[in-house]
Structure formats: structure tokens, C-alpha cells
Amino acid sequence: MKLIVGLGNPGTKYAENRHNIGFMAVDRIAADYSFSPWKSRFQGLVSDGRLGQGRVTLLKPQTFMNLSGQSVGEAMRYLKLTPAEVIVLHDELDLAPGKCRLKQGGGHAGHNGLRSIHQHIGPDYARVRLGIGHPGHKDRVAAYVLSDFAKSDRDWLDDLLRGVSDGAAALADGSNEQFQTLVALRTQPARNSGTGPGKPRQDRPAPAVPDAGAPAPEPAGLTGRLRQLADRFRPS
């Protein structure tokens with residue numbers, strides 16, 4: 001069994017924030033794999049189902065980001081799991097928008113949600129880092145993560161969420177390379193190259209080939225008219 005956690009802040013005020021991409025990812029998984037309706041438990045919202053070879057509980061802590069570890073720790077202990085069986089999906093400033101990286105263990109890199117989880121279950125859990133880009137200066141980070149995705153972000157965001165969902169079974173089974181491959185199939189090439197979610201890549205159309213049975217266009221100019229006249233009086 002696995003516990004897959006999406007990080008974010010509760011409430012409609014924050015629903016479309018960059019900081020809530022973890023919530024968005026587990027919502028997509030729950031919808032795509034027909035998980036149970038969300039219900040209140042473990043200081044969060046949970047949804048149960050199956051991915052790959054086993055059962056999975058999805059969790060969206062409702063404690064606000066900075067206290068996420070309270071919810072994660074309570075759920076992990078109740079479900080009798082180890083930190084190695086916990087996977088956390090979160091926003092990542094240090095990855096370009098639309099990029100995804102899977103990491104096992106390590107530090108929290110200043111992310112307040114991860115910092116809280118470290119305090120409650122330690123560092124030995126997996127995390128799926130979902131790139132949102134960096135605003136360029138540390139003083140702008142708080143406002144940036146707590147602002148909504150721009151309209152121009154919608155295409156790559158949708159592709160990224162679809163890719164994470166495509167790879168969810170591999171993620172739950174521990175097939176890390178397969179997970180990354182499935183995400184990449186959705187996100188590369190980028191949508192602005194003509195590839196949309198759920199659609200095959202649209203290559204450039206082949207140049208038109210004239211129908212062999214179609215008459216050739218009439219030649220223009222004096223030479224063409226003389227040729228037509230000669231053809232008219234040619235014996236059959």
C-alpha cells in the first residue's frame with residue numbers, strides 16, 4: 001500500500017495557486033482512476049483506490065501548507081506505513097515550468113510543506129517535484145507561489161498533470177524510470193509545438209501530389225497557344 005500526498009492550501013481562495021499544484025495532481029489521479037469520493041480524515045481529505053499492483057490512499061492535508069506534516073504523520077501511522085511508502089507531490093521553484101523530477105529522500109530545500117513533513121516523519125519519503133519556475137528574486141517568491149497560474153501556463157500545466165496521472169500506477173509500484181518516461185511522453189515536445197493532451201503529435205502535412213488522372217494545367221503564353229493549335233490538327 002502507498003500513501004500519495006498532494007500539497008497545497010485549503011479553500012477556494014487558493015485553489016488555482018501555483019502552491020497548490022500538488023492538490024491538482026492528486027485530484028487528476030483520483031478522477032482518472034475512479035477513486036472513492038473525497039472524505040475528511042487525518043486532518044485532510046482522503047480518497048481510496050487502486051493503482052498498479054496495490055491499494056493507494058490519496059491525501060490532501062487541510063492544515064495549510066506549513067503544517068502539512070501533522071496530517072501526513074497521522075495518516076502514515078494509522079495506515080501502518082513507513083516513510084518509504086509515502087510519496088509527496090509538491091511545487092518546485094527550482095525546476096522550469098512543466099518539468100517533473102522524482103526524488104527519494106533528501107532535504108526540504110526550504111519548502112515549508114516539506115519542512116513540516118520532515119519534522120513529523122523524517123526525510124526518507126519520496127517526492128515528486130513539479131516545476132513551476134522561479135520569479136527571479138527571493139523577495140518575490142511568496143507572492144509568486146500564492147498567485148494563480150497565468151492563462152499562458154494552462155497548456156503546459158494540463159500536460160504535466162496528465163503526465164503525472166499517466167504514470168501514477170508506475171509511481172505507486174516503484175517503477176521510477178517508467179514513471180518519468182510516461183510523464184515525458186505527455187510533456188515533450190511542449191504543447192506550443194503542436195502537441196495537445198491526449199492527441200498524437202501533428203506533423204507537418206505532406207506536400208500535395210497531383211492526381212495522375214487529372215488534366216495538366218493549360219500552358220500560358222504564345223508558346224502554349226501554338227502547342228494547343230498543333231495538338232488540335234494532329235492526325236489521330
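Just so it is clear, glycine is given a Cβ too, placed from its N, Cα and C backbone atoms.
Over in TrEMBL, the protein carries these features:
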- H19: active site, proton acceptor (ACT_SITE)
- 205-215: compositional bias 'Low complexity' (COMPBIAS)
- N9: site 'Discriminates between blocked and unblocked aminoacyl-tRNA' (SITE)
- D91: site 'Stabilizes the basic form of H active site to accept a proton' (SITE)
Assigned element (helix, strand, coil) containing D91 (site 'Stabilizes the basic form of H active site to accept a proton'), judged by DSSP: strand
Around the Cβ of H19 (active site, proton acceptor), the count of other Cβ atoms that are within 10 Å: 22
In three-state DSSP terms, the structure that N9 (site 'Discriminates between blocked and unblocked aminoacyl-tRNA') belongs to: coil
Helix, strand or coil at H19 (active site, proton acceptor) [DSSP, three-state]: helix
Count of other CB atoms lying within 10 Å of the CB belonging to D91 (site 'Stabilizes the basic form of H active site to accept a proton'): 24
Rounded distance in angstrom between the Cα atoms of N9 (site 'Discriminates between blocked and unblocked aminoacyl-tRNA') and D91 (site 'Stabilizes the basic form of H active site to accept a proton'): 12
Inter-residue C-alpha distance, H19 (active site, proton acceptor) and D91 (site 'Stabilizes the basic form of H active site to accept a proton') (nearest angstrom): 6
